[in-house]
Structures are given as structure tokens and as C-alpha cells.
Amino acid sequence: MILETRGIGKTFGSVLALRDVSMGVTAGQVTCVLGDNGAGKSTLIKILSGVHRHDAGMLLVDGAEVGFASPREALDRGIATVYQDLAMIPLMSVWRNFFLGSEPRRGLAFDVAKARRVAREELRAMGIDIRDVDQPVGTLSGGERQSVAIARAVYFGARVLILDEPTSALGVKQAGVVLRYIARARDRGLGVVFITHNPHHAYPVGDRFLLLNRGTSLGEYAKGEITTQELTALMSGGAELEELAHELERE
Amino acid sequence: MTGAQVRTDDRTADVGAVRRLLIRPELGAVVGMVAVFAFFASQSPVFRSPAGIANWLDPAATLGIMAVAVALLMIGGEFDLSAGVLTGTSGLILVTLATRFGFNVWAAMLAGLVVALAVGFANGMVVTRTRLPSFIVTLGTFLMLQGINLGVTKAITGTVQVGGLRRADGFEGAAAVFAGTIEIGGTSFRVAILWWVVVTAVATWVLMRSRVGNWIFAVGGNEQAARNVGVPAARTKIALFMTTAFAAWLVGSIMALRYTSVQANIGIGQEFIYIIAAVIGGCLLTGGYGSAVGAAIGAVIFGMADKGIVFLGWDADWFKFFLGAMLLLATLANRLVRRYAEEVRH
């Protein structure tokens, strides 16, 4: 287990954002975190990525307890987060974005030839078909941008990749593209945390499923233990859905 | 990439090479320069003679040094309205120290450089610390410097200019380096042209081939995203303000050594000309995009129009009209190019 939480919790003032959540991330596996809006998904990933500090329970990396003071510390331990809004500069080329902040140097200069070559190679190794690494990131589709961000995290030595709703703003086809890169990152031996509110995206790629509702865990399931239907029912609270169906029925 | 690696996508087929050429920020400026040159050269034989070229390259050079520095700053997402007046401040310090306080010209120039860099540093610090728009911050600096230039000059000389630099120690050497001329094929070119070429070359290298260049594009494109991946955004911006200040010192010194006297109100109004040249050169007002070569070409267009109108015997007032028309055209062209470059392809 690379990254693990045991009974972790977080309060903001009097608000219990997260309570007693346990989960684990293993190398070469995808752990999906599912939950409706306000379930505590983003609080959980912010703890995992070092943005917030937990105030109950334990956070463990490689079996040893840690407390991250900043995202930089998490990154240094190999925990990379790709946020929904991506942190990419639309007007800059793919290769400039790929190495932004960690430019390879050659003497005093930015080794542009190396940056271009490595960006192209890394994207191809992930199976990402970018027409031209010189094109501005702004010209890429949403799925391609997510993919470039994933490839960048992989290249810079991530062991755990946390993906914050990477498919939520995408169409069906684009979401499929991103799911394929998630699988690719998994196959390269990374532990992946995939946050989503769509069980249909989570089920095909996930190995374990953590369900959150109103800041608490509804349990962590292995793939064999649960079906898509059960996931959906648990997530939205099956009773609530039935109630809704009943309410919407014609008199 | 070679053709074999490009995905055969019917919607994007064959536009790659053309698109890459079209999204070069300086494209519009190059087209403009060719058109303006063709127009004046066809109307005036003097304009296209070596002496004529030397004549219009001179204003292009002093404007160009500033435009290139301002372009870097604009790509970094900021403005500097105090840049024009700072050329005056630097020149005034040089002449005043050398003629009234017995400084050697070189020492006086060094003092001017220190003050200019300090002003640039202050601009950068205030902008990055307070996150106020640089337009407002440097407008404040602009007005303060304008006041200081006039107030101090009047207090020391009793008039609104200082002169007599020719008699100061070290004038000959400094004048040769910054305000001399070079003979090429029987025509004498101002040495400022050489400085302009050097400044443009260095700026282009920094922008395209250094890590700092990557950071400049990034802080102008999306400062928060840049900071998230570890770009020292504040330091980059402060360095850009200091670069503009350095350019202002260079131009101020060149002018002071050339004319040996400085008017206290010099440089006022020039700050917009620098920005216009940078915009004609392809810089976006919103930052994150542009080129140093483009700004240099923007300055050439200015130089040609400035002198060309005189060569044709037109009223010099028409220059202002030309300026406005060029700015409008360039901004429209840049917007089209940017839309084309940013167009999302699924």
C-alpha cells in the first residue's frame, strides 16, 4: 500500500467535512472515490495532496505516518494531483507546458530540443496522439489536456496520481479517452486515485471503490464485491432515488 | 513532426504548417513593414537610399530598444507607463551630476543606472505585493517622476533643461560608445542601431531559449497556474520591470550624450508609443503572447512612417493619424490570429 488513510477526519470550524474515512492506494491499481456533490470528495483529495491537514485519524505513505505541510511535500513523496482546472497555460505550446517550472537545462539555456523530444516521447509512451507538440495547449480538446497533465505527472516521478473529476466536464467519447490513459498509468505501475461522481466511468477502470456520503464512508469495496447498479444505488442513496421515482410518477 | 506521425484527421489535414506560420506573433508586423516600406520607397528615392535608410533606422532604434523591453513586460502580463519619463530621469541624472556636481560621465551614468533599476524594482515590488493593476501603479510612478524631473531640474538650474555635457570628463569616450556613428559603405549609421540589434537579440534568446523565457510566457498567460507548478512569478515580474527600467536608462543615456542637454519634460507621452509598437509587433494586451522581434519590427514601421512622411513633404501631423490606424489594424489582426491559434479542435 503506497498511500493509506485510517479513520481520517477534518473539520472546518463547526462543519464536519470528513469523518472516519479509511482507504488505500496500491501500486498498479485504481482506487475510485465516488460521491455526490458535498460528499467530502474534494476534502479527502486535498488531505491526500497536502493542501489541507487532517485533524483526526492517520495518513500513511509506505506504511509510515506522515503529515503534509504543503502540496510540494506531497509531490516530493511522489503524490501528484491533476486538478480539474489543470494548471496549464492555453497560449503556450504543449512542450513548454509539459516542462513549465522544471525546465531541463543545458548550460544557461533551456534545453528546448530535449524538452520537445521528451514531451513527444512521453506522450507517445502514454499512447497520447498529439498532432504536434508545438501547438498551443488551448487548441487541445479537454480530454487531450487531461491526458497531457497525466503524462506530465508520470514523467516527473509520480507514484500516486490523484485525478480530480477528470471526466466530469467531458463528453462520452472524450471521457473514454481519459479512462484509457488512467488504465495506461495504472499499467505503468502507478497507484491511481480517481475521483468522480459517475459510477459508469468508475466501474470499468476501478479496482477498489470508496463511497462517500455527507462526509462519511459508506465502505470500500473491491470490484468483485459490487456491481455498477449497486454502486449507483449506494451513491445516490437508493431510498432517495426510489422516493424520487415515486414522486415523479403520474398521479 | 514528420508527415508520417501526424494523425490523418480529415478536419485538420494540411493546416499544420500554414497554421504554425500564421500563429507567429510577428507575422502581422512583417506584412505591415513590407507594405509601409513599399509605399514610401516607391514614392521617394531618398527613402530607399542608404542615407535615407540610416535616417529612418535611427528613430526606430531608440524606440525599438524600449519597445522590446516593454514587449517582454507585456508578455509577462504587465504594463509600465513610467518607462517614457524614466528615460528623461536617467538622462537628467547623467547631465546634472556630470555638469553640476563634477562627476565623471561614466560615474554619472552608473548613478543613473542605479536609480533607474531602483525605480523598476519599486514598480515590480508594489505590483507583485499589492496585486494592484500595473496600469495604475506605474501611472502613479509616471506622475511622480514627471514631477521630480521638473521640480529638481528647476531647483538646480532655474530653467527646465540642463546642458553642457560636452565639457564633462569622460564625455568623448561615452559619446563614442552610446551616441557615435559607424561608417558602412560611405553612409554613417547611428551606433544606437547596433544597441537596438543587441537588445533585440538578447531579448529573443531569453524569451525563446531560456527557462526565464518560459516563465515570462507563463506568468502572463496564467499567473496562478504558473505559481502552482513552481514558477517564481513575483521574481520574474520584478525582473521584467527592472529590464524595462534598464532599457529606459540606456535610451535616456543615448539621448543625453547625443544632444548633450536634456529637457525636463522629455519622454512624456512616449510610454504609449512603446506599447503601440509592441502591440503592432504581436503582443496581446492581456499578456502571455508576443515576440521581441515583433516589437523591434513595430519600431521599424514607426521609424519609416515618422521619416517617410517628412521625405514625401507631407505635414508631420499625419503621423498621428497613421499611428492610430496602424494600432487599430494590428489589434484586429492579432485578435484574428489568436482566435485561430486557440481554436479548440476535438
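Glycine too: its Cβ is placed from the backbone N, Cα and C atoms.
TrEMBL annotations: computationally assigned, not manually curated.
Record features, source TrEMBL:
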TRANSMEM  B:21-41  transmembrane segment
TRANSMEM  B:53-74  transmembrane segment
TRANSMEM  B:81-99  transmembrane segment
TRANSMEM  B:105-126  transmembrane segment
TRANSMEM  B:191-208  transmembrane segment
TRANSMEM  B:238-260  transmembrane segment
TRANSMEM  B:272-305  transmembrane segment
TRANSMEM  B:317-337  transmembrane segment
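Residues 47, 80, 83-84, 87, 187-190, 192-193, 195-196, 199-200, 203, 206-207, 216, 220, 240-241, 243-244, 246-248, 250-251, 254-255, 270, 273-275, 277-279, 281, 283-285, 287, 290-292, 294-296, 298-300, 302-304, 306-308 of the same chain lie 6 or more positions beyond the ends of the transmembrane segment (B:53-74) yet place their CB under 8 Å from a CB of it. Sequence-distant contacts of the transmembrane segment (B:317-337) (same chain, six or more residues past either end, CB-CB distance under 8 Å): 22-23, 25, 27-29, 32, 273, 276, 279-280, 282-285, 298, 301-302, 305-306, 309. Here the transmembrane segment (B:105-126) touches the transmembrane segment (B:238-260). Their Cβ atoms form 3 or more pairs under 8 Å, with each pair 6 or more residues apart. Of the candidate ranges B:81-99, B:191-208, B:238-260, B:272-305, B:272-305 has the most C-beta pairs within less than 8 angstroms of the transmembrane segment (B:21-41).
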